[in-house]
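Chemist: Quick one: the structure is below, and I'll ask about it shortly.
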Amino acid sequence: MAEHLTHFYEKFQPSHYNIYLDINRESKHFSGTSTITGEAKTSSISVHQKFLTIESVTVDGNDVPFKTDNDNEAIHIDLPKTGEVTLAIKFSAKLTDTMMGIYPSYYEVDGVKKQIIGTQFETTAARQAFPCVDEPEAKATFDLAIKYDEHEGETIISNMPEVKTENGVHYFDTTMRMSSYLIAFGFGELQSKETTTKSGVKVGVFATKAHKADELDFALDIAKRSIEFYEDFYQTPYPLPHSWQLALPDFSAGAMENWGLVTYREAYLLLDPKNTSFEMKQLVATVIAHELAHQWFGDLVTMKWWDDLWLNESFANMMEYVAIDAIEPDWHIWEVFQTSDVPAALQRDATDGVQSVHVQVENPAEIDSIFDAAIVYAKGARMLVMARALVGDEALHKGLKNYFTAHKFHNATGADLWSALGDASGIDVGSIMNSWLEQPGYPVVTAKVENGNLTLSQHQFFIGDGKDAGRKWQIPLNSNYDVVPEIMSDKTLTIGNYDELRQSTGKPFFLNVGNNSHFIIQYDETLMKDILDHVNDLDAISQLQILQDLRLLADGRKNSYANIVPLLPRFADSHSNIVNAALYRAANNLKKFVTPKSPEEKALKELFDKLSSAQLDRLGFAPKAGESNDDQLTRPYILSAGLYAENADAMASAHSLFKENENHLADLSADVRVFVLRNEVKNFGSQALFDKLLDAYRKTSDASYKQDICAALTSTTDPKLIAELVGKFEEADTIKPQDLRAWFRGVLANDDGQQAAWDWIRNDWQWLEDTVGGDMEFATYITVISSVFHTPQRLEEFKSFFEPKIPTPGLTREIKMDISVIDSRVQLVQDEKDAVNEAVSKTVK
Ligand SMILES: [Zn+2]
């Protein structure tokens, strides 16, 4: 429908809520009253509700007529007057297992099934918990009072501290002025650990008692130090008395920044301090730092409407790295940005039809669909990294302080941020950034020597078909040649006589030093040869960048994978984890060119052996005490390559580690456990091992161990076990819906399991939609499929299943993009298969 939807806030502006909830877990039912004081601009107003039964509505104590409108998730109310009114709405509803609104999380302690209640309101699910004007601009203060079927030893927490308990009702202190989507509470049998920041903010970590107490320690330390860092960096105090972090056993997203009560997937908060990989610790730390960055950016100052979601997410995504880099400088956390966010953004943003970072949205399904992690998070963060580099940290601090002072407890738009940063720095940040914010895609800059002159030109880069709309970007070039201007605004740019420049600088020409601007570079033969001749003089980030850009150019058909293959061995002995990350990302991309169990696959495995065997000897299978972070982070790439190559030493080491630890597999070092288990399942698998691992999966509370078991079991080659596994997909007692996508992806990416997984999702799509269709992760099941498929047959099957679903709200863009993604991959494989396989066999000779 083209009709303009009026925001409810335009007609009714709440200032204060009194919310009373009575929640019964036993009967899976809750009821309550939402009393809202606010300013009515017209006599006919609307308030949001979803899945609620509305029992009565009074205005200033008198019953008034109302109409429940489920299609628009609303209650329409006729008021006797405009101006200040107090509405009281009585309602009741069911508790459902959708991981949205108020919902139960299930877990077991010593074989006893238990549950805790938690909430997830972003984006539009506060209306499932109580009637409210559920729009970010509708900020108000909230008094929460909650009663539940409480047993001895249970705890309830919320955004604010509890002030009193009366007749079993828990009353919480009045909140600051805030948006409804940030309200949260949780209750049940919880354990916690608490500490206090230098400035007196109480920090706590809460979890079920299924976890060992020391699993809370890491998070508590990171949360405390992150808040201390932000208070300093933002020059603005943490605005609330406490910052609670709560781990929920069932959780759809990664974590949620509810103000003062952040909720997390258990895997992203709790960890065994004695046996967790460094990589996992880095991930958990960045998730915590991300959510705490939001306590200011998102919570204290909130986007006016969801089109500016990027203001929240792009910023928090950048700040998670800024914060962890400050509190753990030895981790070199920006390297994680370079190996995860950067390639994700560059890949996704190259597909025609991708959304821009700033995107117009109206209805709830659309709002959920804009949480594209590669764009709103990763590309947006990359955009802000560019902005940070332009203005410098001093102006950033000053600009942010002014931004928070001007907008705290209120809302802001992107323009407000640019003007704050622009005022602080004297640079017109907005006009530079708008080319990145408002336009989808990014440029490839072609650098060549033409008639003796070094020249640059920019064009939009596409993987797959793309319509050139003549877009231009303001590109921070960051060249290592001083004569190159800071910003490229035009289509083309002539730098000067190349031979003279080369001679006076004494080094190969390079753009985007540091890989912090969102573009890639195609150097002509002269320039590329010069770079490759000096590749060993390049720092790790520049080496990563060479591999990254060549790989993307090959995906975009501006280069051939056959040209990349002979270059790979040059990087194979690098001790840098980020070079290895880029190397194996490129190498793994070759797998799509070979048919399972063919001579070509055998040759490819030889190439992997050639790349990894010397490093395997150097690093060994077991982590060494006191080894460098780089070695720890490099080992997984090498083991993965060695096992794919069927390297005899690697397989024997993995098998003997398994045998030595057979009776206590969880104690295998988390750095290598997944490789040991996967090797065992793949090469020495049996029903007994399968049963044993699945049982361990059900029983362990260690999320890392769970992930390792999932990766191992989904790699089985036994058709009977694959069928058994797919049969477990809908058994929530074994595989929680929050974890299903990883299992599905594992089986789908397994050559021997693909058919079964593909059949399952097509046959049981309705079940999937009923189970996880209500949340923003749903569309990513389709993304997962598109990341795996690469044959014409699968493309046809994908189209015939998903094309009819294109009109589904929230799926439209995803399906269209994914058809293009698979189609371009199928073309690439068909066109280049022979040349690539020939290059592989030449390189291994
Ligand atoms: Zn976020």
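Glycine residues also receive a Cβ, built from the backbone N, Cα and C atoms like all the rest.
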Chemist: Of GLU279, GLU313, which one shares the Zn(2+) site with HIS290, HIS294 in TrEMBL?
Modeler: GLU313
Chemist: Rounded to the nearest Å, what's the C-alpha distance separating GLU291 (active site, proton acceptor) and GLU313 (Zn(2+) binding site)? Just drop the number here, would you?
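Modeler: With the alpha carbons as reference points, the distance is 10 Å.
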Chemist: Hey, what's the Cβ neighbour count for TYR377 (site 'Transition state stabilizer') at 10 Å?
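Modeler: Counting Cβ neighbours of TYR377 (site 'Transition state stabilizer') within 10 Å gives 25.
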Chemist: Restricting to the binding-site residues HIS290, HIS294, GLU313, which ones have a CA within 10 Å of the CA of TYR377 (site 'Transition state stabilizer')?
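Modeler: Those near TYR377 (site 'Transition state stabilizer') - Cα within 10 Å - are GLU313, in sequence order.
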Chemist: Quick check: which same-chain residues outside HIS290, HIS294, GLU313 lie with their CB within 8 A of the centre of the Zn(2+) site CB atoms?
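Modeler: For the Zn(2+) site, the extra neighbours are GLU257, GLU291, ALA293, PHE297, GLY298, ASN312, PHE315, ALA316, ASN317, MET319, GLU320, TYR377.
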